[in-house]
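The active site annotation in Swiss-Prot covers Cys42 and rests on a curator's inference. Taken from Swiss-Prot, the feature ATP binding site applies to Lys45, Gly68, Met69, Asp70, Asp93, Asp116, Gly167, Gly168, Gln169, Thr170. What Swiss-Prot lists as Mg(2+) binding site is Asp70, Asp116, Asp273, and the listing cites similarity to another entry. The region 'Disordered' annotation in Swiss-Prot covers 1-21. Look at Swiss-Prot and you will find Lys45 tagged as site 'Important for catalytic activity'.
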Amino acid sequence: MSEKEGKVIPETNGMKRPRFDPVKLGLPEEFTLTDYTRLKGCSCKVPQPELLALLQSVSTTPGRRDVGMDCSIVKLQHKDETGKPLYMVSTTDFFFPSVEDPYLQGQIGAANVLSDLYSTGIDRCDTVLMLLAASTDMDKTEREVCTQEMMKGFVDHVRLAGSDVTGGQTVMNPWPLIGGIATSVVAESQMIRPTGLQPGDILVLTKPLGCQIAVNLKQWLRRPSPIFEEQIQGKMDSEEIEELYNAAADGMKRLNRMAAALMHSHGAHGATDVTGFGILGHAKNLGSAQKADVCLVLDSLPMYRGAVKASKLMGDKYRLFEGYAAETSGGLLVAFGTREEAEGYIRELYETDGEPAWVVGRVVRREGSAPYALLQKDYKIIEVGAKVNDKII
């Protein structure tokens, strides 16, 4: 993306890339990056219940309800030219490979770390540090090629987002790793804190669900697993799986930057991005951070069509239908005060970014010991197909 007259405008240069060909990079024909990890993308996160238990033993800032949300928001000693306080908003994220192509993996890594900033309505990142691990399980040539390609993809995507990589850390590790630290210094008016949801708010999601299923199926297509052979093979063909994987890969590398920029003009009350805890896990986290006592009720969920089919065949092994399937570089879950504001946001996002978004629920008053978020029992699944000639089929 680039800036024009102070506005974020869409920019697709660099987003399209030929299909991954390892031989052209000097790698073996059968090379695939996901062979070098057992935990893919954001599914490598410590499970949410375990993480919450660990955090209880660590002293955090007393009285802060947003501790544990996507970003750290710290008031600085410095002020802007009008004397108003400035805030440092920072986040870090990294993960193991989820796709076969190291360049694409770098793009996804950049989109994922920037997404945490975007969830606070910040669409301009001041600086990014890159965190990288080169794989000791690869031979020297494979390691050099893959590390360089991941770095290129990461740096190119950060530049596409209007920022620069200004440093970082690179280490050796059996599994490759990519991620970073994103930081912006902003005034209060330039961000939307994640604590302002109110009963009656309407919830919008900006990307479909089902990435984890997509990347697993893609790997199983090349290296069949017992579950693939027993439950998928013969019931989903390679074309269906490739279509699902390509749609998910495009979604994972897509920046949430425009979605962040439009939050301000449509009166968003707060947001989170959907990653390793699944949509319901992140909705619960968002609900628990609110000043008001609220519950987020999800009544419709957009899912990639192929992921829906595969999940049914596997008995919902990855808990997609429960709302707990891990997503990598997923969409923003945004709350708006009225349905008109939510629909206006969806419409403008499609007009400017060319991508759909969906109303997925509402915010209600939380009663007693009710959960901070829940899936409505009869919730609707919206099946999302591949994108052909810029139309969703």
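The backbone N, Cα and C atoms fix where each Cβ goes, glycine too.
Structural mapping of features recorded in Swiss-Prot.
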| residue | record | Cβ neighbours (10 Å) |
| --- | --- | --- |
| Asp93 | ATP binding site | 23 |
| Asp116 | Mg(2+) binding site | 23 |
| Gly167 | ATP binding site | 10 |
| Gln169 | ATP binding site | 11 |
| Asp273 | Mg(2+) binding site | 28 |
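Checked against Asp273 (Mg(2+) binding site), the binding-site residues Asp93, Gly167, Gln169 differ in C-alpha distance, with Asp93 being the nearest. Note: the CA-CA distance between Asp116 (Mg(2+) binding site) and Asp93 (ATP binding site) rounds to 9 Å.
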